[in-house]
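Participant: The structure under discussion is supplied below as structure tokens; questions concerning it will follow.
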Amino acid sequence: MNKGYPVTDLVILAGGQARRMNGLNKLLQQFDGDTQLLKIHQKLKSSVSEIWVNSHRDYSIYQSIVPDIKCFQDDASGFFGPLMGMKSAWSHVKADYVLFIPCDVTYIPTQVVAKLHSALRKNKQAQAAYVSINGDALYPFCLLKRESLEVLEQQIDKQQLSLKNCFKLLHAQVAIFQKQNLFFHSINSLDELQQYKQIKAFKEIFSTN
């Protein structure tokens, strides 16, 4: 089916150490009733071709939840952040466009893939487009062209791992979204997860009264 944009694969970035989660795999946590893996898969499966997880663990669990999921590790051992996951992806995916999404997002905007492609088309030099929600830039939530690989490799070789700085070199465009009452756009610690669930429960109680 013609979606109005080129074939695009999805890579879920789940290769971190999860120090502030006491080592728990955030992709397997339930933020909104379903595991993050299932939530992301269900929301985006109709918008992308193949779905991958960039992770160093729990492959069998991922595949028990989503049988056709594909997995890969970072090209280098150690934990170098999302830039390494993005660079490593191009050794595995077949598509020339990849939507990257962090494993800990709470909100996935409707039509996010189409809107990122639209943002990317605004500048012929652009090799990246990223999501902004309520004015907050979510650099790891982004669309990259395969041509971005050269810059990714150069930045990693120089140990310049900042996505913000890398994206400047890629002439990155932005897709802007608004979401009312979004207190956390991502969950980075067990404390944040507890707060997020408490706020969600309070809102559900309030909405029924």
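Glycine residues also receive a Cβ, built from the backbone N, Cα and C atoms like all the rest.
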Participant: Check Swiss-Prot: it lists L13, A14, G15, K26, N54, D74 as binding GTP. Then name which of D32, D34, D96, D104 it lists for that same site.
Facilitator: D104
Participant: Look up K26 (GTP binding site) in the DSSP assignment and reduce it to helix, strand or coil.
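Facilitator: In the DSSP reduction, K26 (GTP binding site) maps to helix.
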Participant: At a 10 A cut-off on CB-CB distances, which of the binding-site residues D74, D104 has the highest count?
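Facilitator: Ranked by Cβ atoms within 10 Å, first place goes to D104.
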